[in-house]
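Chemist: Quick one: the structure is below, questions incoming.
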Amino acid sequence: MGCVTSQEDKAAVERSKQIDKSLRMDGEKAAREVKLLLLGAGESGKSTIVKQMKIIHEKGYSQEECLQYNPVVYSNAIQSMIAIIKAMGQLKIQFGHPDRAEEARQFFALAGHADEGEMSQELSGIMKRLWKDVGVQECFSRSREYQLNDSAEYYLNALDRISAPGYIPTEQDVLRTRVKTTGIVETHFTFKDLHFKMFDVGGQRSERKKWIHCFEGVTAIIFIVAMSEYDLTLAEDQEMNRMMESMKLFDSICNNKWFTETSIILFLNKKDLFEEKIKKSPLTICFPEYTGANTYEEAAAYIQLQFENLNKKKDTKEIYSHFTCATDTNNVQFVFDAVTDVIIKNNLKDCGLF
């Protein structure tokens, strides 16, 4: 009888061990599954971060995939020139050369009939001459007074290259393309033994109602702010400062009851554009109370503090902040490596394994 009981006890102990082992394996598996939500206002750089994940953690863009971006590159370059020339009328800026006004009319006519995925030599020739005009350059230097794609200068400076026969976009060209994200774009990749699911959500106000069902079971939120937009207004609301809109959105995400346990990672993005802009456009445009110097270091630290101060649970919740340039692959790789280490540590802690 005692022998039978002993065998039953052994079996029960063995079963208990198996259950513990299974639970531990489930815990470890859960700790290796990471659901990342990319949030931020429109044009903050979320989609560029997703493209970088493909370059860094997958095989990058094949020649065929790069070729598919031809129409987007051409469209971005043409739309940038259209925006600048239209703004010249609004800002009452004259062309530096008398011939350019007629060429601007030709440009609009050619741009309106350009085949998608093609840029004729005639069109690119006119665009190159317009781009060199002192009036066009003056208008470009005042781009904070109207809506202009961040990549305008990059593409317009590269017109020789991008309009050449047989042009294939480089990965940097692809990274710089701008297409408004509508809906939710999901990306999967593996890094440091973790299985990532990254969700890029449209940032414009009209897209935000679609975020809600993505929130369940999120491991971390990467909130992206375009630092360089401190002196700009929203495309969808000309009265609203873009930085203020970002702060409002960050406040609602950071202090949301659903995200009490969620790691919040703050990417202060477009640091390269910010570093150039702060030399000529004071931070007081956005923060009238700012009394520091208009240097990159002081102004960037002030912006970081403004966002981190929105956190109402400083004693229990940490904001992990990083300065980023989403178009710089090395910078994104370095930052994402640090972010992943934080996620691993927090995941193991949540699963009782740390």
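Note that Cβ sites are derived from N, Cα and C of the backbone, with glycine treated the same way.
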Chemist: For the annotation region 'G2 motif' in Swiss-Prot, which listed range does it cover: 110-118, 164-172, 173-181, 236-244?
Modeler: 173-181
Chemist: Which one of 21-34, 35-48, 49-62 shows up in Swiss-Prot as region 'G1 motif'?
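Modeler: It is 35-48 that Swiss-Prot annotates as region 'G1 motif'.
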Chemist: Looking at 12-17, 132-137, 324-329, I want to know which stretch Swiss-Prot calls region 'G5 motif'.
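Modeler: Per Swiss-Prot, the stretch marked region 'G5 motif' is 324-329.
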Chemist: Pop the Cα-Cα gap between VAL201 (GTP binding site) and THR181 (Mg(2+) binding site) into the table, whole Å please.
Modeler: 7
Chemist: Using C-alpha atoms only, work out the spacing between ALA326 (GTP binding site) and SER47 (Mg(2+) binding site) and round it to an integer in Å.
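Modeler: The Cα atom of ALA326 (GTP binding site) is 9 Å away from the Cα atom of SER47 (Mg(2+) binding site).
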Chemist: How many Å lie between the Cα of LEU175 (GTP binding site) and the Cα of SER47 (Mg(2+) binding site)?
Modeler: 9
Chemist: Just the number: how many Å between the Cα atoms of ASN269 (GTP binding site) and SER47 (Mg(2+) binding site)?
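Modeler: With the alpha carbons as reference points, the distance is 12 Å.
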Chemist: For VAL201 (GTP binding site) and SER47 (Mg(2+) binding site), what Cα-Cα distance in Å is obtained after rounding to a whole number?
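Modeler: Cα of VAL201 (GTP binding site) to Cα of SER47 (Mg(2+) binding site) measures 9 Å after rounding.
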Chemist: What is the pLDDT of the region 'G2 motif' (173-181) when averaged and given as a whole number?
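Modeler: The answer is 91, the mean pLDDT of the model over that range.
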